[in-house]
Amino acid sequence: MTKFIFVTGGVVSSLGKGITAASLGRLLKDRGLSVTIQKFDPYLNVDPGTMSPYQHGEVFVTDDGAETDLDLGHYERFIDINLNKYSNVTAGKVYSHVLKKERRGDYLGGTVQVIPHITNEIKERLLLAGESTNADVVITEIGGTTGDIESLPFIEAIRQIRSDLSRENVMYIHCTLLPFIKAAGEMKTKPTQHSVKELRGLGIQPDLIVVRTEYEMTQDLKDKIALFCDIPEQNVIECRDAESLYEIPLQLSKQHMDDLVIKRLDLNAKYDTQLDEWKHLLDVVNHLDGEITIGLVGKYVSLQDAYLSVVEALKHAGYPLHKDINVKWIDSSEVTDENAAEFLKDVDGILVPGGFGYRASEGKISAIRYARENNVPYFGICLGMQLATVEFARNVLGLEGAHSAELDPETPYPVIDLLPEQKDIEDLGGTLRLGLYPSEVKEGTLAYDIYGKKEIEERHRHRYEFNNDYREQMEDNGLVFSGVSPDGRRIEMVELPKNDFFFACQFHPEFLSRPNRPQPIFKAFIEAANKYKEAKENK
């Protein structure tokens, strides 16, 4: 039977519940267990797809096209699995589904209430995560902080699930903060005690407590937490601040967290903990030699979580070269043709990531022009590909005023236009072209050199696409369309052979990058940036 582990958090937000859950998933997977993981978010949006990146950070897209919380990116990268739409459940999605059922008459005229209707819907979503994957273990992170009013239905649902499935199939892990009071010169356990008391008041006794701390815990502190929170001392796990997120699984393993979980749930682990691959990765991360500077030109750079998967993918690509990636954050609203060199003269590569809306788009186009004209390695993702074709149309083809129809509906040259199937859609939420789609790669191109095969699959998130009316004209002037959809209708990749590395794609390759397996385009881009840097230094 599938076992269920619930990870809750107390005291403050941003404790690292997601990293804790992902790290535990990695440990259990390395013991030969199949693991899936999900996030319950208590906000009332149906999904984060229409939320501002300033509010939420990046939107992570799964293979089956779900727009989800960025924590799912951590889950996939740590555990090296591909998640599905059941891996992110919001209060908005739950309430919306319950209300649709009520309108259909599914409740036979009964009064619809939080208990049992909302809690039952939450439990159904929880069980679907296990049923859709046949996993040995489902790890569920509960978003928010214990005691938050909006998360109470989720807490109640996971309390009930213990009775539904029996105690031996359910485990609760609670993450708390152990603050250091500088004036007193000591760490305080009281916030942890009160957080656990709050959780117990809601009917949940944690089996294991993960304590986030800046400094090493003494045995006395562990004993005190164990006493007041009514758990064995060995079930108090220290989680120290770390320079690299990839240290966390090893921290937890040293304290036998996986052994405690396996024993508590009577899991049939096939192997002892080795983590050799993870230890090798961490050894590489801790011994990087030199750095490569990438100019990331975007409009949400004041909140770096808006580009989290892109940055992680860049780092992954640096590891085989033993290079650290220094991301230079460049606000595209400040970039113009006249000052682009000031912003970009010191970078080894330029990346324009995905985005929406007209604001700050001209600065991205200026950065792309600088990269093309100065032979600086360029990599464009989604909007970064669309604007690369806009820049080419304006400055190579001479089509003054060329633009994307999304950004300038009145443009005389709509190089980028609305997807045909989007013409009659009015709603914004959940209506993009989303998820994993195949592409065909043209032989004899940089794209083929990168992937080494004729067919690939990557994740997409877009509403607009390249307008094929301009394809022949661009090809005649040197732009190569190296990747297309299987029907040949949609452009997926473009490149400029006369430059050392000028490459862009409509899809989001960052979502499939792994720390031990860099995504091929990112790997090629960082290799090109490294060569560019070495050439500059040897001049």
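Placement of Cβ uses the backbone N, Cα and C atoms for every residue, glycine included.
For Cys382, the entry in Swiss-Prot reads active site, nucleophile. The local packing around Cys382 (active site, nucleophile), expressed as other Cβ atoms within 10 Å of its Cβ over all shown chains, amounts to 23.
Secondary structure from DSSP puts Thr192 (UTP binding site) in a helix. Taken from Swiss-Prot, the feature UTP binding site covers Ser13, Lys188, Thr189, Lys190, Pro191, Thr192, Gln193, Lys224, and the record attributes it to sequence analysis.
Around Asp241 (ATP binding site), the C-beta neighbours below 8 angstroms that are at least 6 residues distant in the chain are Arg212, Thr213, Glu214. Look at Swiss-Prot and you will find Ser14, Leu15, Gly16, Lys17, Gly18, Ile19, Asp71, Arg240, Asp241, Ala242 tagged as ATP binding site, backed by sequence analysis.
According to Swiss-Prot, the feature L-glutamine binding site maps to Tyr54, Gly355, Leu383, Gly384, Met385, Gln386, Glu406, Arg463. Under DSSP, Arg463 (L-glutamine binding site) is assigned to coil, being neither helix nor strand in the three-state scheme. Within 10 Å of the C-beta atom of Arg463 (L-glutamine binding site) sit 16 other C-beta atoms, taking all shown protein chains into account.
Under the heading Mg(2+) binding site, Swiss-Prot lists Asp71, Glu141. Contacts of Asp71 (ATP binding site) defined by a Cβ separation under 8 A and a same-chain sequence distance of 6+ are given as Gly18, Ala21, Ala22, Lys39, Phe60, Glu141, in order along the sequence.
Annotated domain 'Glutamine amidotransferase type-1' per Swiss-Prot: 293-535, in sequence order, evidence recorded as sequence analysis.
Summarising the annotation, Swiss-Prot assigns region 'Amidoligase domain' to 1-267.
Non-local contacts of Thr189 (UTP binding site) by the CB criterion (under 8 A, 6+ apart in sequence, same chain) comprise Leu178, Leu221, Lys224, Ile225, Phe228. Distances between the Cα of Lys188 (UTP binding site) and those of the binding-site residues Gly16, Gly355, Leu383, Gly384 are shortest for Gly16.
Calculated from their C-alpha atoms, the gap between Cys382 (active site, nucleophile) and Gly355 (L-glutamine binding site) amounts to 8 Å.
Secondary structure from DSSP puts Gly18 (ATP binding site) in a helix. In the three-state DSSP reading, Met385 (L-glutamine binding site) counts as helix. Within the same chain, residues at least 6 positions away in sequence whose Cβ sits under 8 Å from that of Gly355 (L-glutamine binding site) are Gly298, Lys299, Tyr300, Lys364, Cys382, Leu383. Fewest other C-beta atoms within 10 angstroms, among the binding-site residues Gly16, Gly18, Pro191, Gly384, are seen around Pro191.
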